[in-house]
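Asker: Below you will find the structure I want to go over with you.
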C-alpha cells in the first residue's frame, strides 16, 4: 500500500486505542533497515510506523552531506517507494527532536509537507516528534502549541514528550531520577495547552520510568499506572465519563520491558511503542557472526586474496535484514497488532 494517508494513520491509531493494541515504531537509518521493518510488518499482517531520528537521518545522508533534512527526505522517499509494494499500511514519523534542532530538522520538514499539501498532495511524513523534556514544561508546551498549529495545517500529527525518558538516544540524554515519572499536574497542563484534539491531533509521550538503551529488568521501576492516572485526570478535566482515554500515549525506552508491563500500558491507551535498541542488536548480531565465521575470507590474510562471496556486503546485510525482520515481527506480536492491518478490513 502507499504510505498511510493522514486519514488512514488516524484510523490506525483510533482502532489501536479502542482495541488495546499498539504499533511498533521502528527506528531506521538505511534502506536495509527500512526493508527489514516493512517486511516484518507485512509478515505479521500488521500496519506499522517507521521513524528517523536526527542522528539516523544525518547518517543516511552520507559522510559527504551530513544533513538531517536531506537524509530524512531521502529515507522517506525510499520508504514511500518500497511500502507501495506491500499489502499493509506504513506511517512515517521523525523521532526525538530537541529545541536546538527544531529549526534544522522538524520545522523544515513541516514546511516541505505544507508545500505538498498546498498542491493537493499528502504530507511527506505522517507525524513528527517534538522533545521538550529538557526544558521547563511551560516552555515545552508553549513550543508544542506553536508546532501543533503548523502540524495540523499540514495534516500532520505532533508527538509531544512531557517528563524525561532516562538514558541516552542520539545525544538526547535524560538522568534517571524522579522526573522519569510524569505528574498529574503535567497532564492537566497538557490538556490546558494542547486541548484534546480540537487544535490538532497529537500523541503524548508521558514518562512512567522509561529508559532508553539496554537495562536489566528491575534496575528501573516502570509504573504504567501513571498512564491510567493521566487518563483519569484528563477525563475529569474535560468532563468526560469515567473510563475515557483522552490521550494517545507513546511508550519510549521499552527495551527489556516485561511482557506484563507492556500489556498493562496497552490497556491505558498506549498506541505507539518505539523500538530501536532491540532491532539494532538483531541487525548487528548476524553480521558479527558472519565476520567471525568467515574471518579468513573477509580479510586478506598472509597475502591471500580473501573470498569475494563473503566480503560482498550483500552476503551479510541479507542476514542482518532477515534477523531484524524477525524482531519486528516479534514486536508486532508483543503489541497485539499482528493480523490487524486496516488494509485487510
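Cβ atoms here come from the backbone N, Cα and C positions, even for glycine.
Straight out of Swiss-Prot:
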BINDING   53  D-glyceraldehyde 3-phosphate binding site
ACT_SITE  95  active site, proton donor
BINDING   96, 212, 252  Zn(2+) 1 binding site
BINDING   131, 161  Zn(2+) 2 binding site
BINDING   213, 253, 254, 255, 274, 275, 276, 277  dihydroxyacetone phosphate binding site
Asker: Considering the binding-site residues 96, 252, which residue's Cβ sits among the greatest number of other Cβ atoms within 10 Å?
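Answerer: The most densely surrounded of these binding-site residues is 252.
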Asker: Select one residue from 53, 255, 274, 277: among these binding-site residues, choose the one with the most other Cβ atoms within 10 Å of its Cβ.
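Answerer: Compared across 53, 255, 274, 277, the most Cβ atoms within 10 Å surround 274.
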Asker: Please report the distance from the Cα of residue 131 (Zn(2+) 2 binding site) to the Cα of residue 96 (Zn(2+) 1 binding site), rounded to the nearest angstrom.
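Answerer: Cα to Cα, residue 131 (Zn(2+) 2 binding site) and residue 96 (Zn(2+) 1 binding site) are separated by 5 Å.
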Asker: Measuring Cα to Cα, how many angstrom lie between residue 276 (dihydroxyacetone phosphate binding site) and residue 95 (active site, proton donor)?
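Answerer: Residue 276 (dihydroxyacetone phosphate binding site) and residue 95 (active site, proton donor) have their Cα atoms 11 Å apart.
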Asker: Would you mind pulling the DSSP three-state label for residue 253 (dihydroxyacetone phosphate binding site)?
Answerer: coil
Asker: Find, for the listed binding-site residues 253, 254, the residue with the lowest Cβ contact count at a 10 Å cut-off, counting only other Cβ atoms.
Answerer: 254
Asker: Same-chain residues six or more away whose CB lies under 8 A from the CB of residue 275 (dihydroxyacetone phosphate binding site)?
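Answerer: Long-range Cβ contacts: 24, 25, 26, 27, 254, 255, 327, 328, 331.
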Asker: Going by Cα-Cα distance, which of the recorded positions (95, 96, 252) sits nearest to residue 274 (dihydroxyacetone phosphate binding site)?
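Answerer: For residue 274 (dihydroxyacetone phosphate binding site), the spatially nearest of the recorded positions is 252.
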Asker: Between residue 161 (Zn(2+) 2 binding site) and the residue listed as 'active site, proton donor', find the distance joining the two CA atoms and give it rounded to the nearest Å.
Answerer: 11
Asker: Helix, strand or coil at the residue listed as 'D-glyceraldehyde 3-phosphate binding site', per DSSP?
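Answerer: SS state of the residue listed as 'D-glyceraldehyde 3-phosphate binding site' = coil.
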Asker: Between residue 95 (active site, proton donor) and residue 53 (D-glyceraldehyde 3-phosphate binding site), how far is it from one CA atom to the other, in Å?
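Answerer: A Cα-Cα distance of 5 Å.
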Asker: In whole Å, note down how far the CA of residue 53 (D-glyceraldehyde 3-phosphate binding site) lies from the CA of residue 96 (Zn(2+) 1 binding site).
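Answerer: That separation, Cα to Cα, works out to 6 Å.
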Asker: Tell me the Cβ neighbour count for residue 95 (active site, proton donor), meaning other Cβ atoms within 10 Å of its Cβ, over all protein chains shown.
Answerer: 24
Asker: I'd like the number of other C-beta atoms within 10 A of the C-beta of residue 131 (Zn(2+) 2 binding site), please.
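Answerer: Counting Cβ neighbours of residue 131 (Zn(2+) 2 binding site) within 10 Å gives 26.
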Asker: Among all protein chains shown, how many Cβ atoms are found within 10 Å of the Cβ of residue 161 (Zn(2+) 2 binding site), not counting that one?
Answerer: 26
